[in-house]
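Visitor: Pulled from TrEMBL, these are the listed features:
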- 36-319: domain 'Deacetylase sirtuin-type' (DOMAIN)
- 61-81, 142-145, 259-261, 285-287, C303: NAD(+) binding site (BINDING)
- H160: active site, proton acceptor (ACT_SITE)
- C168, C171, C219, C222: Zn(2+) binding site (BINDING)
Amino acid sequence: MWISFTKCPLVFRKQSINLIRCSSNLGLSEYVPNCPPADPNEVERLQDFVLSSRRLFVMTGAGISTESGIPDYRSEGVGLYARTERRPIQHAEFVRSQAARRRYWARNFVGWPQFSSHKPNKAHMALYNWENAAKLHWLVTQNVDALHAKAGQRRLTELHGCTHRVICLGCQTVSSRFELQERFIALNPSWNEHAYGVAPDGDVFLTDEQVSNFRVPPCNKCGGILKPQVTFFGDTVNRELVFSLYEQLGQADAMLVVGSSLQVYSGYRFALKAQEKGIPIAILNIGPTRADHLAVVKVIARCGDILPKIMPLNRHQQETVS
Ligand SMILES: [Zn+2]
């Protein structure tokens, strides 16, 4: 189903890229891979796994946000790698090339109103409820969409940063992406170009010709280069952040992976660390993951179909907490 142009802030001319949606309330099948019904025995084992943990370390990935209407990169058939020729910007290219930055920000500017409007889904809310039930020790997400923060999660680390924040590469000042949007609008009052689709990082599809006149402001404080506070491909995650998360993992008694294939080492290393520490691992994901061989429980299902059904506490634990 295509959105009426009159209701949609973006105009889509490239019919072949059929992944655009102006609302996150539309059909999930556009972004979520097909999946057979979950094995009830595995779901029961996941329930037991969660109940038996007192300090659960949870890692989430793109699979939890596809149900909010945000496409991932890697899912078979529906991920951006499968559907388009586009690949995310590399860190070195962003730092090195003013033209690359202009192109990135122009696309990001157009995609921002839609990308920033996505809402947490029932899987995010389930994990928020687990935190309130004192079940969840720490949540680390590989996502940069702010949906866990929007759900209210506090015991949270955004491993690869967040598109809602901007950092100056000169003075390291962090500011709001919403503020930057206002500066973009002020600098580019007549800029009204067409977008073709939103990527996981909020980027959209534009031609070089369309972005050539787009103006990008520098840092207000030092005149430095502004960059989303996001770990781009080709960059590495801060070592201190990783070590602090290893400490959190070391205080946990179980690890649950939600909606991630763990193909990227920055996430996979936490599964390796859990194994090294003798911490059992459960996985909820539609497709195969890099850590399947390390898991004691593997549920193949949509996150939003399973997490809300998992009770974080049994009756005895509820009495203890209250
Ligand atoms: Zn600065």
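Including glycine, each Cβ sits where the backbone N, Cα and C put it.
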Visitor: Looking at the recorded positions G61, S65, G69, D145, H160, N285, which have a C-beta within less than 6 Å of some atom in ligand 1?
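Guide: Among G61, S65, G69, D145, H160, N285, near ligand 1: none.
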Visitor: Averaged over the domain 'Deacetylase sirtuin-type' (36-319), what pLDDT does the predicted model reach?
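Guide: It averages 90.
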Visitor: Express the distance between the Cα positions of N285 (NAD(+) binding site) and C168 (Zn(2+) binding site) as a whole number of Å.
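Guide: Cα-Cα distance, N285 (NAD(+) binding site) to C168 (Zn(2+) binding site): 36 Å.
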Visitor: Within 10 Å of the Cβ of G61 (NAD(+) binding site), how many other Cβ atoms can be counted across all chains shown?
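Guide: For G61 (NAD(+) binding site), the count of other Cβ atoms within 10 Å is 25.
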Visitor: Around the Zn(2+) site formed by C168, C171, C219, C222, list the extra residues of the same chain whose Cβ is within 8 Å of the site's Cβ centroid.
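Guide: My list of surrounding residues reads L169, G170, Q172, T173, P218, N220, K221, G223, G224, L226.
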Visitor: How many whole Å apart are the CA atoms of G61 (NAD(+) binding site) and C219 (Zn(2+) binding site)?
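Guide: Cα to Cα, G61 (NAD(+) binding site) and C219 (Zn(2+) binding site) are separated by 31 Å.
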Visitor: Indicate the candidate from C168, C219, C222 with the smallest number of other Cβ atoms within 10 Å of its Cβ, considering only these binding-site residues.
Guide: C222
Visitor: What binding-site residues among C168, C171, C219, C222 are found with a C-alpha within 10 angstroms of that of D145 (NAD(+) binding site)?
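Guide: Close binding-site residues: none.
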